[in-house]
Amino acid sequence: MSAISIECVASQGCRLGESPVWDEREGALLYVDITGRKVCRWSPATQQVQAITVDAPVSSVALRKSGDYVITLGTRFAALKWKEQLVTTFAHIDKDKPNNRFNDGKVDPAGRYFAGTMAEEVRPAVLERHQGALYTLSSDLSVVKHFDQVDISNGLDWSLDHKTFFYIDSLSYSVDAFDYDLQTGKIGNRRSIYRLEKEESIPDGMCIDTEGKLWVACYDGGRVIRLDPETGKRLQTVKLPVDKTTSCCFGGKDYSEMYVTSASDGMDKEWRSRQPQAGGIFKITGLGVKGVPPYPFAG
């Protein structure tokens, strides 16, 4: 087992970095800055970050089978053409809730884009509760609503056999599992598989490794934790030099590197001076496990 090493690869601090996704075609890491209203792409080859500014909080980005990307923007599912910097709306949801926005999103193994909503925060993790819902955008651009009464719709992923959907509603302090039907995209039989310890703070973004174990970024907990969804046990904790760790994904040539996004919103001057890398993107190597490549949106 090699030693774990943590490096800040992109230090232009995001206000609220989220949704890291490895883009194999570009050999680059995609992510968003939600409150900074930017979609970003970091290239390990050039060590540079390119960013596209958009007109609303942009909360997740995913690959698209036909090329380029899909994003969740405000309360819209949209397409993003990178070179043209062109955004095209597919669908608009939660129209009756002008204070809502999308949060985390991810594409399922069948190419559907799952994403959930939440009320805009008054300050980090403080908001009107039960305003959010979980949605799916299908390849025909129709939208399905799975359930509502969500506080902060967050991390999501699927088991290796595609029979279980994992999901986090942050203020429940729980990682949940659902039975999952790959053919229809339907979910059911919700149950909690892990409750966070006090020092782990708030569960945020999540990804899965090739051993079927979940990695969860702990917002205000300054760590990612590895969980066994079968036993509900925590297997590993990796601490980072910033408190506001928001999400994680695997990437690099063989998906053996982990990338972790972070935030700086809600930190005062003194806190920031203690954590100058807050809002940066971190690369963790030496974990000894690999990740699952992201699925592209089929529409």
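Think of each number as a place in line: the chain as shown, counted from 1.
From the backbone N, Cα and C atoms, a Cβ is placed for every residue, glycine too.
What TrEMBL records for 16-264 is domain 'SMP-30/Gluconolactonase/LRE-like region'.
Positions annotated as divalent metal cation binding site by TrEMBL: Glu18, Asn154, Asp204.
Per TrEMBL, the feature substrate binding site maps to Arg101, Asn103, Glu121. Taking Cβ-Cβ distances under 8 Å and a sequence gap of 6 or more within the same chain, the neighbours of Asn103 (substrate binding site) are Glu18, Ile34, Ser59, Ser60, Thr72, Ala115, Gly116, Thr117, Met118, Gly132, Ile152, Ser153, Asn154.
Around Asp204 (divalent metal cation binding site), the same-chain residues at least 6 positions away in sequence with a Cβ under 8 Å from its Cβ are Asp104, Asn154, Gly155, Ile168, Ser170, Val216, Ala217, Cys218, Tyr219, Thr245, Thr246, Ser247. Summarising the annotation, TrEMBL assigns active site, proton donor/acceptor to Asp204.
Around Glu121 (substrate binding site), the same-chain residues six or more apart in sequence whose CB sits under 8 Å from its CB are Leu127, listed in sequence order. The average pLDDT for the domain 'SMP-30/Gluconolactonase/LRE-like region' (16-264) in the predicted structure is 97.
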